[in-house]
Amino acid sequence: MKAAGILTLIGCLVTGAESKIYTRCKLAKIFSRAGLDNYWGFSLGNWICMAYYESGYNTTAQTVLDDGSIDYGIFQINSFAWCRRGKLKENNHCHVACSALVTDDLTDAIICAKKIVKETQGMNYWQGWKKHCEGRDLSDWKKDCEVS
């Protein structure tokens with residue numbers, strides 16, 4: 001786990017020049033426009049909270065896991081199951097290159113996150129959400145953000 005954190009830090013430093021870290025309210029607007037508010041019963045606050053605890057709203061966040069797979073982007077979507085990293089035999093359920101999940105354009109990441117919620121166990125896929133967001137009052141996550 002410690003190694004994963006160090007590799008994440010290195011990844012952020014290497015890609016820092018191209019990195020975009022969104023603000024909470026900017027993400028609230030993007031997520032709202034993308035139809036995430038109440039998607040499969042999860043409020044906008046759930047999505048904003050989850051993104052914060054998964055990536056700190058950093059579009060280029062990458063975490064190398066012990067099994068050699070990598071979690072990518074603002075939602076930390078895993079390469080083994082959800083995206084294509086290269087020649088490895090990943091499942092690529094989202095039919096997207098992992099590199100598309102670490103750009104400032106969140107379209108592919110949002111589409112993939114919706115697929116994860118719909119096809120797995122809701123937001124339980126994300127440990128950050130389970131630990132910090134699940135079952136809590138999340139109304140403050142969109143407070144003062146000018147979203148409905």
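For all residues, glycine too, the Cβ spot is worked out from N, Cα and C.
Per Swiss-Prot, the residue from Cys12, Cys25 that shares a disulphide bond with Cys145 is Cys25.
Each of Cys12, Cys49 is a candidate, yet Swiss-Prot gives the disulfide link of Cys133 to Cys49.
According to Swiss-Prot, the cysteine that forms a disulfide bond with Cys112, out of Cys83, Cys94, is Cys94.
Each of Cys12, Cys83 is a candidate, yet Swiss-Prot gives the disulfide link of Cys98 to Cys83. Here Cys133 (disulfide bond) is compared against the recorded positions Glu54, Asn58, Cys94, and the shortest C-alpha distance is to Glu54. Rounded to a whole value, the Cα-Cα separation of Cys145 (disulfide bond) and Cys112 (disulfide bond) is 24 Å.
Using Cα positions, the member of the recorded positions Cys25, Cys49, Glu54, Asp71 nearest to Cys98 (disulfide bond) is identified as Asp71.
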